[in-house]
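As recorded in TrEMBL, the features of this protein are as follows:
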- E130: active site, proton donor (ACT_SITE)
- C14, C100, C192: [4Fe-4S] cluster binding site (BINDING)
- H43, H78, H128, S220, S221, N222, S266: isopentenyl diphosphate binding site (BINDING)
- H43, H78, H128, S220, S221, N222, S266: dimethylallyl diphosphate binding site (BINDING)
- H43, H78, H128, T164, S220, S221, N222, S266: (2E)-4-hydroxy-3-methylbut-2-enyl diphosphate binding site (BINDING)
Amino acid sequence: MNKKIILADKSGFCFGVKRAVDITVDQKKSADAKLYTLGPLIHNNDVIHRLKEKGIDQIDEDDLETLEPKDTIIIRSHGVTLNVIGNIEKSGSKMVNATCPFVTKIQKIAEKYHDLGYQIIIVGDENHPEVVGINGWCNNSAIITKDGSNLSDLPAKVCVVAQTTERLFNFEKVVDIVSKKCEEVLTFNTICSATKERQESADEVSKQVDLMIVIGGKHSSNSKKLFDICRTNCENTIFIENSLELPTEAFDKEDVKTIGITAGASTPDWIIQDVIEKIK
């Protein structure tokens, strides 16, 4: 099939996700007891399935009390609340923290400036595990917003951070609103550089193609944002988790001559290559 395929040069596993997977696999090699991840390690069902095949299961916070002292628990790449870390330490089990270092940085900012009397504002998705975790480092007192529309009656001192996968436009919009309402505003653009690079790369590719394919987990925040960006430029954009979800009719059309592909930060190379091979 004579189709031109353009793969976004910034796509697939980011540093934090690869690090979390590598840490977990390495721990399994040396573990002499059960190894668990606290929730899904990353937002990719295929990767989670492969980890399960290696004997790495996931548990929820409610299951922490069932851990044995010899068990190992891996903190997911998105991070967790300070309270959860305390509960794991109380259990006596071995804890391995695979939180992305960029997320850890935000947690520390939230903790520090909350203790200094600042109201923490997080620009992001309130139900995303990363945001839930960050909020837990400032006593769950953060104001969480997507666009600043829910910001009213703010104190004089605020500190603004962002979910690592947030869009820069949203962060800047919130900062602009807060700056007009508060006397003292500290802003930390904590959007990960990998997120910015992936979004810019996807934006560029999606302007050149007849079909744009976004590969990512259905619960992946950064993948959803890539889809939104691509669909703005290319109406013929589809969102899939793997090659099994790629419909032949999507690319087997005469008017589809150039196909663009990007992938979220939790999508491994082998899934991307599977999609490319199916198109070929």
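Any Cβ shown, glycine's included, is placed from N, Cα and C.
Whatever TrEMBL says is automated annotation, not expert-curated.
Taking every pair among H43, H78, H128, S220, S221, N222, S266, the residues recorded as binding dimethylallyl diphosphate, the greatest CA to CA distance is 15 Å. In the three-state DSSP scheme, E130 (active site, proton donor) falls into the helix class. H78 (isopentenyl diphosphate binding site) has C100, E130 nearby among the recorded positions C100, E130, C192, counting only those with a Cα within 10 angstroms of its own Cα. Comparing H128 (isopentenyl diphosphate binding site) with C14 ([4Fe-4S] cluster binding site), their Cα atoms are 18 Å apart once rounded. Around the Cβ of C14 ([4Fe-4S] cluster binding site), the same chain contributes C192, A194, T195, R198, A265, each under 8 angstroms and 6 or more positions distant in sequence. T164 ((2E)-4-hydroxy-3-methylbut-2-enyl diphosphate binding site) and S266 (isopentenyl diphosphate binding site) have their C-alpha atoms 13 Å apart, to the nearest angstrom. Ranked by how many other Cβ atoms sit within 10 Å of their Cβ, the binding-site residues H43, H78, H128 place H128 at the bottom.
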